[in-house]
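Single-structure report; data block below.
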């Protein structure tokens, strides 16, 4: 069916500039610009047209709001306190103690996860996924690396999977020092505590699609546990449509005392790695200006849209990078496996409290100590993860085979995709933005069709297509390639 949006000229809403946005989703303050000029306004679809309406972020429904309210800062504090009590959780630490070391922590996490799963009426299962890592970088002797995974099986589309992880291993200054205490309260007991709290909440609320909540190991030695998890999922052809990595999400205070307790950064890679995208497609992406519309960045935009609101009390600041300088994270292995993945990290880091021997020098306390963790902030980050995961799982799957016609030299845009046979899909939306805008700014519901012709030049805007469920939830947008 052909849908011509020009017929909807009565739905004109002019685009908003910086002073009109509903809430801020970027970390830096906006740079002053001429608000009267559509060419300078990042939130404008230039040139102005009478197509579509201004995009309004997806609000949480009553069920999601109630779930978000279940996230407990007290539970997160108790979990971090317990993880710190194991002394060190270094990947190479003692294996034969029930009170100290990585295995003691693993067993406790698994025990707690199983308690949560017992409340799920069989919809949540817990697995300890282990393998023996031979001698390798930062691994001087063979060691068992274990991931604790709680899987909430989807009620309607269980083959579609979303993953969230935090890593439970820790370290001090010397990455091979597995004897000294390494509390790892922020890095990354905070992310592990969020994964566990999400498991507790989701055990009582079955999602439509499957959600895996993981406490992974071997991160500090080289992302071993998460890479193994990603490759295992890839080797079994698991359809992972999104992965969230929570790492260093426990403090709102930076090393200069600056505080930003209501913002979380979301790191999102640009062009996918060559292991996930062919060289031909990578070249095409650059040719058509799609370097800012990788699956990872669409996932980050989705998180900013559904999780930055008054239910979570947070803003999501998208950072257009794989990760911070000189650092890496557990989302990397998922990206290399071809899965969309992003990393959440606190807005202002204090490096005296990361990867440090516990000590005091010149009045400065070093070490990843629990006294530096903001439990309310960590709980709010958990709410961002919950809102994102639940909104992903309740929405229809992303549209498939989305293409734009690049064979005709004109000022219309022809986009097509495969219509889903799912009864949950109510319609599709075209979203778009200026090429200099970070987030989608405009949308047009085109019904349950698989082809649309828009009186907007593909040269001037960036398009995406997303599926809309009968329940109101919307999928992440898919960027169209020529086809």
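Using the three backbone atoms N, Cα and C, a Cβ is placed for every residue, glycine included.
Together with 187, 247, Swiss-Prot lists one candidate of 167, 205 for binding Zn(2+) 1, that being 167. Remark: secondary structure over the domain 'Fibronectin type-III' (396-483) totals 0 helix, 44 strand, 44 coil, with classes taken from DSSP.
Remark: residue 411 (N-linked glycosylation site) has 455, 457 as non-local neighbours, by Cβ distance under 8 Å and separation of at least 6 in sequence.
Note: the Cα of residue 96 (N-linked glycosylation site) and the Cα of residue 220 (Zn(2+) 2 binding site) are spaced 21 Å from each other.
Around the Cβ of residue 401 (N-linked glycosylation site), the same chain contributes 416, 417, 418, 483, each under 8 angstroms and 6 or more positions distant in sequence.
Calculated from their C-alpha atoms, the gap between residue 220 (Zn(2+) 2 binding site) and residue 167 (Zn(2+) 1 binding site) amounts to 9 Å.
Here the Cβ of residue 362 (N-linked glycosylation site) has 4 other Cβ atoms within 10 Å, regardless of which shown protein chain they belong to.
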